[in-house]
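Participant: Here it is, the structure, as structure tokens.
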Amino acid sequence: MPKLQGFEFWSRTLGGARHVVAPMVDQSELAWRLLSRRHGAQLCYTPMLHAQVFVRDANYRKENLYCDVCPEDRPLIVQFCANDPEVFVQAALLAQDYCDAIDLNLGCPQMIAKRGHYGAFLQEEWDLLQRMILLAHERLSVPVTCKIRVFPEIDKTVRYAQMLEKAGCQLLTVHGRTKEQKGPMAGTASWEHIKAVRKAVGIPVFANGNIQCLQDVERCIQDTGVQGVMSAEGNLHNPALFEGRSPAVWELAEEYLDIVRQHPCPLSYVRAHLFKLWHHTLQVHQQLREELAKVKTLEGVAAVSQALKLRCQEDMSRQQEGVRPADNLPAFHWICQPYIRPGPREGSKENSGGRSKRALEEEEGSMEGLSKNKLKKQLRNPHKTFDPSLKPKYAKCDQCGNPKGNRCVFNLCRGCCKKRAFRETADCPGHGLLFKTKLEKSLAWKGTQPGLQEAQQVRPVTPSGFSEVVGSALA
């Protein structure tokens, strides 16, 4: 069967998908994809896979793709990060029989992508991207797609998209933020950029960004003219987003746990999903947050889910008519709803009106107001002091400024002490360095071995550079 392209690929292979679950590292695993498909998702992406590791490691391929084969999990697009055309194509060839298309990640803005030189940090290397897409388009039996972020300039974003289309990209997902817009600085995605790209290319376009409910999906399609809308954060907080429903948080949690029992995944994935799904409820019942963080088994997670369900039902029974949700939430905490990420100014020290936590610790010498991580450490180590005023003060090394050993005979740190003791053939019992003692023992032992002494005695060297002993041996 010939490889379908562009709109024919979108309409026939992908079934004209409009509701799409984004590729999310450690989050869009098989169990979550199946849950999302049950609630309106028409197309899913795998988590981003590292192309080089996928080619090199058979276990990585097995754990991240080959063991996750499920007839219900189609259509499916496998996403790779890569910066080498040959490696990208080799990985894609190994994956193409398990999916409907291969996607190249050109949108990841995280520091790990910068260090690895992939994702959004390739967006200025157009020649490299052209070679990667062209080679994949020529050699794969399935279409190649791309997920990108925008440039600040609309015209440059349009030229970028047209370059990828010309190289062989058959479907383009446009995240309407720049690579600098992330975390607290995420801001609002630009649908104007997405609209301009959609008008300028002749392939299907998916929009990504600012999608928190079904109304956002419909408005985005209407405003930009895209073929589909991709959701990441919104999907994590409400997997029923594409149905236009906001069910109780425990309802979707129980359904997800049932799927995980059939299609197991690492417990860290499960825990991360429930932290997102229960975000607002865990602000109210913080003890459950601690319990969820501690459990080590799926049964333990299910027990926490049951406890959360009972707490929420108690809150519902006490809820009085006419009372609005707390903290300006659009719905009560037990209802699936979007999470609005605080802006950079909301959490800044300038607006907090207080001093840093470390300064307060040093002044008060108390554990109040510390982070949960430090409180956990205190519980695990009850005899350890966290009061800075009680911590021992270390004198500095005379040479490098690092803390010196309290019992060092040279008043140095271990590194400097080792160099000096070796140079002077001296001992430092404080650091356990016994160069002098070991040398004396070695000489004393050799003195008791007359045969060894004779073997080590070398005769005068001949003009040719070899000792007479060596010369006679070669004769």
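From the backbone N, Cα and C atoms, a Cβ is placed for every residue, glycine too.
Pasting the relevant annotations from Swiss-Prot:
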- PRO23, MET24, VAL25, GLN79, LYS147, HIS175, ASN208, GLY209, ASN210, ALA232, GLU233: FMN binding site (BINDING)
- CYS108: active site, proton donor (ACT_SITE)
- 343-388: region 'Disordered' (REGION)
- 373-383: compositional bias 'Basic residues' (COMPBIAS)
Participant: Under a three-state reading of DSSP, tell me whether ASN210 (FMN binding site) is helix, strand or coil.
Facilitator: coil
Participant: Work out how many Å separate the residue listed as 'active site, proton donor' and VAL25 (FMN binding site) at their Cα atoms, rounded off.
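Facilitator: Here the two Cα atoms lie 10 Å apart.
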Participant: Might you list, by sequence position, any residue in that chain lying six or more from VAL25 (FMN binding site) with a Cβ less than 8 Å away from its Cβ?
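Facilitator: When sequence neighbours closer than 6 are ignored, VAL25 (FMN binding site) has PRO47, MET48 within Cβ distance under 8 Å.
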Participant: Across all the protein chains here, work out how many other Cβ atoms are within 10 Å of the Cβ of ASN208 (FMN binding site).
Facilitator: 25
Participant: With H, G and I counted as helix, E and B as strand and the rest as coil, say where DSSP puts LYS147 (FMN binding site).
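Facilitator: SS state of LYS147 (FMN binding site) = strand.
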Participant: Among PRO23, MET24, VAL25, GLN79, LYS147, HIS175, ASN208, GLY209, ASN210, ALA232, GLU233, listed as contacts of FMN, what is the widest Cα spread in Å, to the nearest whole number?
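Facilitator: Per the listed residues, the maximum Cα distance equals 22 Å.
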Participant: Within 10 Å of the Cβ of PRO23 (FMN binding site), how many other Cβ atoms are there?
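Facilitator: If we count other Cβ atoms within 10 Å of PRO23 (FMN binding site), we arrive at 26.
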Participant: Need the DSSP three-state call for GLU233 (FMN binding site) to compare against my parser.
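Facilitator: In the DSSP reduction, GLU233 (FMN binding site) maps to helix.
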